[in-house]
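**Q** One structure, pasted below without further comment.
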Ligand SMILES: *[C@@H]1O[C@H](CO)[C@@H](O)[C@H](O)[C@H]1NC(C)=O
Ligand SMILES: *[C@@H]1O[C@H](CO)[C@@H](O)[C@H](O)[C@H]1NC(C)=O
């Protein structure tokens, strides 16, 4: 047992020597692309992103049940909140056609990804990875992978003296496809911090969502809790914490440039003022209690029961349930249901009157700035809203559209997430 004092001194020394900061890159910015070239030409990317979030969450929920022996409370019905509108607005009318249909082929298929670098093995092999707070496993394309891994850097387990084959196969379902391979353990270094015997999925097949054309980084590092791990093993960040390398907290800034992940604390350069902290109601995903929806700083609907909202760096939009999202847009003057034009769950709002949409979580309200909420012009005076609905996800998902408004802290030790004003 290391005395607490010695531990904190150790952290101080470690932090002073090498700040465990990971600059995050962004190759293809879906949100910027929509503003530039129109929402319609990017709509398939958005839809595939929503589908990927949905299958990721369903995979996590299944893993939770396998790991804990319990059905997740959002699935069992223990957490099943519904919204009541504070005033009786009619549902938005349907937008049935648009006049200036864009002619670009709708085949694009990319998404917003925040990726940084890790090294794996001895001697170290370098990979770019997406850091995802909505899942818990680490996987990479491996030597011997079929052509679905083409263009990615491949993990060569044979070339690493610290790689250990567990001989356990893994299978990860993603949308239509799946990633499969064998679980190894190896040494992983991230921002100068080293995890020993970290479980890594060495993939011999990648699903289409992870092929190089659709997924610029090589692999993925899940940053959520162990109970969601399909491998039934510790996520990378938990390994670092368990091995005494960092305190169980990390800070995230997602923005067009200067994005950063800081392990073991928060980066005071990237925020001002105090954090507004929200307790987690579940430590599997980073799940908070969603209590109300707001439009222009006025509560327009409240939750009866318990409705989780998870904080997910791996999702682009703010995704809600079908009824709740309809109530939200019902309270926005001039909003129209764009499901007939863009697909299920999409709404448009007048571009000259973009609302400030907010959520109340853990008793505090957090707003999405109008220019972040606005995904871009569909035509004339209609702009697509960054809050969409999806069936098959048993809670709300606070993705990029939410996180871009804040500097966020994910504090596993105190079971909270917090949000501060970014600099
Ligand atoms: C996994 O993906 C492969 C290749 O796309 C496919 O042939 C296989 O049927 C999939 N397996 C499952 C269980 O979905
Ligand atoms: C909020 O959480 C952060 C991160 O753990 C912590 O530094 C801060 O002191 C907390 N603020 C309050 C008011 O509790």
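Including glycine, each Cβ sits where the backbone N, Cα and C put it.
What TrEMBL says about a protein is an automatic prediction, not a curated fact.
From TrEMBL, here are the annotated features:
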ACT_SITE  132  active site
ACT_SITE  312  active site
DISULFID  145-149  disulfide bond
DOMAIN    114-420  domain 'Peptidase A1'
SIGNAL    1-18  signal peptide
**Q** Over all shown protein chains, what is the count of other CB atoms within 10 A of the CB belonging to residue 132 (active site)?
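**A** By my count, 22.
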**Q** According to DSSP, collapsed to three classes, what secondary structure does residue 132 (active site) have?
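**A** SS state of residue 132 (active site) = strand.
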**Q** Calculate the distance in Å between the alpha carbons (Cα) of residue 312 (active site) and residue 132 (active site), and round it to a whole number.
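**A** Between the Cα atoms of residue 312 (active site) and residue 132 (active site), the distance comes to 7 Å.
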**Q** Starting from each candidate's C-beta and looking 10 angstroms out, tell me which of the disulfide-bonded residues 145, 149 has the most other C-beta atoms.
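**A** Its Cβ has the most other Cβ atoms within 10 Å: 149.
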**Q** How many Å lie between the Cα of residue 145 (disulfide bond) and the Cα of residue 132 (active site)?
**A** 23
**Q** Let me check the 10 A CB neighbour count of residue 312 (active site). How many other CB atoms are there?
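**A** Total other Cβ atoms inside 10 Å, all chains included: 27.
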